[in-house]
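What follows is a set of notes on a single structure, which appears directly below.
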Amino acid sequence: MMWKTLLCCLLAVSAAALDGWEPGKRYEYHVRGRTLTALHEVANQYSGFRFKGKLVIEPHTPSVLRGQLKDTYHMTVHRMLPDGWDQKFEERESNWERVGMKNKPFEVHVGNEFQFNKLIVTEDTPVWETNMIKGVLSQIQVNLKEVGPDPRDEQEDRLRKIFKVHESSVTGRCEVLYDITPITKFNMLPQPLVEIEEENVNVLQVMKTQNFTDCKKLPSYVHGFYNFHNVFPAQNKAGFMSRSQQTRTIVSRNKETGRFTIRSSVTFHEVVLKPELFNSQQGISVSRMNVTLEEIKSQQHIPPPRPPKDVGDLVYRYSAETGEPSQRDSAYALESNSDSSSSSSSSSSEENAANSRHRSSSSSSSSRSSEEMRDSKKHPRASTTESQPRNSRSRRSLQNSKRSINMYNDSSSSSSSSSSEEYLLPRPHIENAPNIPFMPYFVGNQGSKIGEVDPEKIVLLARTISSELQEPDTMVKKNILSRFSILTNLVRAASFSQLEEATKRLYYRVERADNGDESKLDAWKAYRDSVAQAGTPAALKMVHTWIRKEYIKDEEAAKVVAVIPHAADTPTDNYIAYFFEMVKDPVVHGEKYLNSSAVLAFSKLLRLAAVDSEAVRRYPVHVFGRMVPKNFSARVKEYIEYFANKLKNAVKDKDSHKIQVYTRALGNTGHADIIRHFEPYLVGRESVSTHERVTMVFCLDEFVKTQPSVAQYILLRLFENVGETQEIRVAALYLLMKTDVSAELFQRLAEYTKFDKNHQVVSAVQSAIRSAAKVEGPYKKETAKNAQAAVKILSSKPYDDSYSKSFILNNYRREIDVGYSRLYNQIGSRDSFMPKSVFYKLVNIIDGDRDDQAKFGGAVSSVRDVIDFIRQQFKKDDSQDELENSKYAEDDDIWDLREIANLLEMEEENVDPLEGNVHYDYFGAQRFFTLNKTSFEFREELKKYFKKPQITNINKLYNRMELKVGYPNVMGVPFFFTFKRPTLVKLTAKTFIMPLKPCDHGKPHKFPRIFNVTSDVSFVYSFDMHSHMGVVAPFNKKEYVTGIQRKHMIQIPLNVSVHVNLDKNKVAADFKPYYEDNFKVAEARGIPFTTVHDIKSLVPYVEAEHTSYIRVRPSKAYEGNFGKSVGMVYHYNFETDQQFFDYKWFSSNYFLHYPNVAFYYGWEAQPVFYYDFKLYLDSHNSPAKTVQLKASYDNRYTQPEEEEETRQHSKIRRPRSASRKHRRSRHEERAPLENLEVSDTETQREELYDIVLPAVRAGRLYYASVSVAFKGEENVYSKYEVEGALASSQVNEHISTMLRAHSNDAERKHQYAHVRVNVTMPQVPVIDYRKALEFDPTSKIQCEVHFGDTPEKKSKVYFQGKFERTDERKKFVAESDMAQLCSAQQNNKNYLLPACRNVTEEASKLDKYFFKVKYENLSEKCRNRTYKAYSYLRHYFFPYITENVYPDERKTDSVEVQVQFNEEINAVNVSVKAPILNVEFTDVRVYNKYARALFSLNPRYPLLSQVAKTAFPQYYEPTCVVDYSKVNTFDNRTYEHDMLNDWVEVMFHKPRSKIYKQVSVSAKQAHSKMVLKVLRGDEVKFEMKQPRDSSSSPELKMNDKVIEYERSPAFIHYKHELIAVAYALPSKALHLDLLNDSLVFVYDGERVMLHAGNHYRNQVRGLCGTFDGEPSTDFKAPQNCHVRDVEDLILAYTLVRDLDRSRLRDENICVREDVQLVNLTNHRHAEKSGIRPYDIDDDSSSSSSSSSSSSSSSSSSKSNSTSSSSSESNESALPRGENKLHRAQQPSRNCHMHLHRIVTHNGKQCISKLALTECAPLCREESHTTKTEAFVCFPPGPTADHYTKLVRKGVSPDFSRKTDIVNLRVTIPSRCVSKI
């Protein structure tokens, strides 16, 4: 019975096989094909070839066919095809050339589903011929298993079949959609594919559509698409590239026998792409193969192939030449159950879910209707993946990665599985170049590499590049960057021995920087950079050899190594292992810069190749299989362990540089294991600085990308720990925003803005959510929607821009699916106005994928320390190092600064050492530098230039981007696409600094104040964009290419001479062209082309003999000159095939971009056309040879009684000027450089001062001038000069300005303009808002403008303006809520609290303006320009504008303008009455807050101050107020105080740097009056007392000398230096400005308002708070602890001798600032996410404990205490160390922990109010003490459960407001030691 069954099966198989091929017959087919490439949307200019031949098939057995492909010819096509790629050709046999095929017989084995499972050819058949045979056979492989068994059945619904199968073809083994339909002869008439004469047949049309997204085998080569998460270039839809393949086969079926006959088959394979990724015009590569039955004959018995060679199924076969065959095992195979192509980390649940979704979505159903199938064919992009939300891109990309990997698992065919190893290439050896398929150089020689690389060719090409680099003018013409790309390709194909030989020929060592052969040096550098960019194993070994031989070292070697992660093409496990050994090499380890660069480069490569699941896009895993084996995760962890141990040793040695480097290295890996290595430091088990902890958080950035869900959990724990430092929390937030944040999580974050006390955190959350909500583009739509759900929840409180902020600004262009995004993050600083951490990133968005183009980031531990250290190096005079003895007069109530500090028991704060880091993209690589104090020693670095000229020689060639794709087309020949951005940066300079004024005697370390700088500079920047697509014809070593090359070059060769005089604030610079002859300044070329190129040629495509440029029309040439008027003539040439210049495109792509973005993306959406632009400096026709730039600045104070002396230059003194004993004569300060002496502008300056000074009488004077002159050898041919002076007065409330501009050009045209402006703005009340409302703040402006060619022909414009406050505005302010609040405060005698200050400011704002303009002799040109400006405004404000062209009264030679704001100053009406028309702008909204600040004038503030105050409302003018009964601190915390009966310290400043004077401000109240004393150092004392009567101003003394200031300002000097200015305000209050100390006092006898500069931040103590940006820290006592009550704060700062301050020593009253830390993970989450907990055996405590038992009911026993503590030990907050991580450094510090203890007392759950000391796990108690501690108790219920859970999670609750306190005695360990 079994034999019968087997026989039936064999007969069925035989019958199935014979259904298509009749035994004894010979089938002859005519084969025709073509493959063409073109920019078809630009022009129908094609390059490619045609193919024809004859295919003969004879059935040998029921399952074996024998065949032969013979009479094969090809013909080159390189011409215009007006009808497109399918244009018919005239058959001319003379153009056909024979294809060098063997034409040997082959054998095909047919499977049971009509599939060709095996192809056998002769051994001498080359691979390329085998692939072409496979391409032909793919046309006649048709699966007809679904066709009904009855051949006579002609019903259409039974013959029509739609189904899917996986089928092999030359393009891959992929899913194929079959659509079989009957077709009549009538339907075949319009397009007769084949003539069918038989009558007794049914004709079927078989349509096959190949789905490249679902493949078991997909022969393809991909490199460089790492950042393109939506791009799988070999699949159907790959972002900017799409690929499709369809086959139409005509099959006849005999009605009698049921036998099928393939009559005709034609396959179309199309690749459509945007050649430069973002073009609006696309290119195409199309292939068509047509097989048509010509005749059926009797069999002629084709012989079998001898000797036979099995070449597998029909899938394209690679040509393997070199490699390591032993490595081709299952460990490197890609299987469906693997995590990814390279990932070594565990699969997350998210990944598993993605896989299951993929499996369910990819299963096909044959029941789908034919209409649906047709619909899917019509809309191939509407796939399941594309229909998913865009915000799930990370999941989708991971799903697609899995899908690509699963292509290699063919479970349906045993033959396919068995040949999987043969399908992939052997892995490259470390000394050999990898065999890269599809790329021309590797397959162009009969399917193999074009011979062995001759080192002589490398040497010749490098020297050619070098020689052309010496002539930058010809760089673009000679295609240097194209040659560099060719050189890189040669190096990629070379073995190590060949590279070694080339090195011997090219290496050139320069003994002296100024004495070397530049040509030889540039040749070496070109070769060096090509090896760095090659990315092959041989290139890596070559780089290592160079380092060991010291051919490259230090920074040069660091730059080369930094490129490796991006350049590496095949980073196999052996490649990684070799790189790791190189990192550990002592030579590498000992090189400065190189050691850190190598570590960081290796760690990044480790992530890209072995951790990240996206490697399928970056590396050729479809060629070589996995880059690393499946079990490589263990090796990865070994590498990570190495870095972790290095980090541990660095922490032990307190080496900040190594700590940051190895932290960054661990972060680069992006592996889950780094969490357990960072955790001991982040949770405080090991002591590191705050900056180093912040660096660890930021270094989780790559982990966020590899495992976003796990990272989100960890970052959320860090952020939500309110006891953590603000820097850690903000850093965690910024990384958290890079994960997939849901709407719920956005809302959860938004809630923190309502209750979080830390302003830095709140500000960061606000800005991050608001920015995310405004992101545009379809790919961020979901993120924006989620963020928008949380915007309304945010707190409405505004925060200064100096706080932590996150901004995302993007621009998206829907028509081309391209955009860009700019991300800026900053972390605010406690001690400075400037942020302590910044990060900027410019991202290109192409089809939803993000590619980082520019990146910069930096962080420092203290901004103030950096600024002070730099200023210390360049400051003019030394400050006193030590405080001198007090110079004050005897006063029982006053102490010197040292005594005040001792009296207050002032403690020094622990300050972390200065450290930081900077990272940025640099020459195609990412660089990371650490900073410390020596990093800012600029003075010492600059002094090198004093000794001898310093030579700079930078010559760097690199690729900013390189993308490569290759796969076979239907003809079996390789298709390839490459996109490169080669870039050249060449900078040579010889610089020397010559001091002209020697350093002060005894101070040689000071930087000179007067010096010259000379430098010969040559800078060349060039970059190309090369986009090439084509096909390779292996049989004739040709490639048929279509491409675009854009070339750009900028050259700046200059001789620079600069004179700097810091004493006089003057600078002069001469810029002279380096070359005397004409030279090219800039060039830009765009060349679309087609070519037929010899692969062996080293000539760039655009220079090849058979290259044709694509020009859609005859080119037009333009040329011209400009610059004659200035004396420097520039000549330009422009050639293009465009009909006209599209200004609209230019403006939309350049002017509307931000400058930095336009630099990168000015080319987006640019049409593809030919252009050639050149710009020259025409030196021969330029009389001017030198450009001279001069600038000067001056500011000073002048006094009324010194006006006459001012003109004689006698007593006017500038603030911050040197004392007289250090001043030099004018002769000594003169610059000695010939023709470069700074012109004496004192005469001009005094002229302007004489003009502006009378209007103000006394006040501050400012002067600035800038001039540009174009000079010849002797004459000045043109000069342009602008100078101005400004005087502002506190006496008569005037501001006077004078501007003068003059120009004389080379054509003797003289232009001048004089502008004089006088502004009268009264001093408005500052203290009482009622007085401000009653005061008339009306201001006036008068302006006079003269301009023209000569004074006789001058035009005049007179301008008068008046600014008023309307009654409506006055009423609005008076009735506002803020005014009511202020009234209530004033009733309590508090006049200067924030509400009153704000309403007083609002009361003085002006809302109605009137201007009248008169003019004389205004030229028509000027009138026309004015009207054009109005036209732009009219267009912009179109909805709001009304014009009256027939006014009742016309103005003559005048214009009247009236501006009226509404009461809230958020809308404006403007009325203009002009001679030709009247215009009304109605209800124009003023949405922008800066525009409102600019236009809503306030007499108290200048315009720029108003804008700055809007950006920084709190810290532009930081203010502290001590009012009658309340204090408002610098950080805006308000608290009430009783009368200050004793002297109390208001502000005590003790700077960390010596460049600032120490300051003390103290106050005392008596009988409702306040006395104020200010100490400035130990030499100056100011005293302010209440006025003698109500009509007088307060009394002011300096060192007991009365200062008169009521009638005129007092200019106060000390030791010949102006130190202060005092004057009276309208309210009789005193305004005292300490100029050099940035302190301003407003004092009226009862209260004081103090404005302080931002350099005081976080360096003051007292009633005014800490000034660190956080109101919560304002109650900080001198002992650096925090009190809760105002009484304790005042006690802490009361200046009374022998005062009992013991209360402040109680830790419960004065609480130390401590950071409460939490564990990052718990056991459950660690197991779920694959993160190993930190191992105690690794010399650290465990991250979690297994004990979680609850405490017993005993109240105070030792056992109870111990039990309850152990139950919580694994998840509690831990103590801080040296930088607040640990209180003391004890030998057993790892055994001590601080935990909240939980006990049960009287049936209640009690939690210790403070964290108590406990012994850590694996430690034991050696001694203990018994103490009484405060516990907070809760009855059983939800509240108790809530706090218990918080404590167990590691959160330290705030019990400060709890009243249910119980004191319990507990046992606390005093010493813990390890059990091990």
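The backbone N, Cα and C atoms fix where each Cβ goes, glycine too.
Record features (Swiss-Prot):
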SIGNAL    1-16  signal peptide
DOMAIN    21-838  domain 'Vitellogenin'
CARBOHYD  ASN290  N-linked glycosylation site
REGION    322-424  region 'Disordered'
COMPBIAS  330-368  compositional bias 'Low complexity'
COMPBIAS  387-404  compositional bias 'Low complexity'
CARBOHYD  ASN409  N-linked glycosylation site
COMPBIAS  411-420  compositional bias 'Low complexity'
CARBOHYD  ASN595  N-linked glycosylation site
CARBOHYD  ASN932  N-linked glycosylation site
CARBOHYD  ASN1055  N-linked glycosylation site
REGION    1192-1239  region 'Disordered'
COMPBIAS  1209-1225  compositional bias 'Basic residues'
CARBOHYD  ASN1398  N-linked glycosylation site
CARBOHYD  ASN1417  N-linked glycosylation site
CARBOHYD  ASN1424  N-linked glycosylation site
DOMAIN    1518-1703  domain 'VWFD'
DISULFID  CYS1520-CYS1664  disulfide bond
CARBOHYD  ASN1532  N-linked glycosylation site
CARBOHYD  ASN1636  N-linked glycosylation site
REGION    1729-1788  region 'Disordered'
COMPBIAS  1741-1772  compositional bias 'Low complexity'
CARBOHYD  ASN1760  N-linked glycosylation site
CARBOHYD  ASN1770  N-linked glycosylation site
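Features as recorded by Swiss-Prot, highlighted on the structure.
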| residue | record | CB count, 10 Å |
| --- | --- | --- |
| ASN290 | N-linked glycosylation site | 19 |
| ASN932 | N-linked glycosylation site | 16 |
| ASN1055 | N-linked glycosylation site | 15 |
| ASN1398 | N-linked glycosylation site | 17 |
| ASN1417 | N-linked glycosylation site | 12 |
| ASN1424 | N-linked glycosylation site | 10 |
| CYS1520 | disulfide bond | 26 |
| ASN1532 | N-linked glycosylation site | 18 |
| ASN1636 | N-linked glycosylation site | 15 |
| CYS1664 | disulfide bond | 28 |
### Task
Out of the recorded positions ASN932, ASN1055, ASN1398, ASN1636, CYS1664, give me the one sitting nearest to ASN1532 (N-linked glycosylation site) by CA distance.
CYS1664
### Query
If one looks at the chain holding ASN595 (N-linked glycosylation site), which residues at least 6 apart in sequence have a CB under 8 angstroms from its CB?
VAL588, HIS589
### Summary
According to DSSP, ASN1398 (N-linked glycosylation site) sits in helix
### Task
In three-state terms from DSSP, label CYS1664 (disulfide bond) for me.
coil
### Proximal residue to CYS1520 (disulfide bond) among glycosylation sites ASN932, ASN1055, ASN1398, ASN1417, ASN1636 (C-alpha distance)
ASN1398
### Task
May I ask which of the glycosylation sites ASN1055, ASN1398, ASN1417 is closest to ASN1636 (N-linked glycosylation site) if we compare their C-alpha atoms?
ASN1398
### Segment-level pLDDT (mean, integer) for the domain 'Vitellogenin' (21-838)
82
### Message
Nearest by CA distance to ASN932 (N-linked glycosylation site): which of the glycosylation sites is it, out of ASN1398, ASN1417, ASN1424?
### Response
ASN1398
### Shortest C-alpha distance to ASN1055 (N-linked glycosylation site) - which of the recorded positions ASN290, ASN1398, ASN1417, ASN1424, CYS1664
ASN1424
### Query
Between CYS1664 (disulfide bond) and ASN1398 (N-linked glycosylation site), how far is it from one CA atom to the other, in Å?
19
### Query
According to DSSP, which of helix, strand or coil covers ASN1417 (N-linked glycosylation site)?
coil
### Query
About how far apart, in whole Å, are the alpha carbons (Cα) of ASN1424 (N-linked glycosylation site) and ASN290 (N-linked glycosylation site)?
68
### Task
May I ask for the distance between ASN1398 (N-linked glycosylation site) and ASN1417 (N-linked glycosylation site), taken between their Cα atoms and rounded to an integer number of Å?
47
### Task
Could you state the whole-number distance in Å separating the C-alpha atoms of ASN290 (N-linked glycosylation site) and ASN1417 (N-linked glycosylation site)?
82
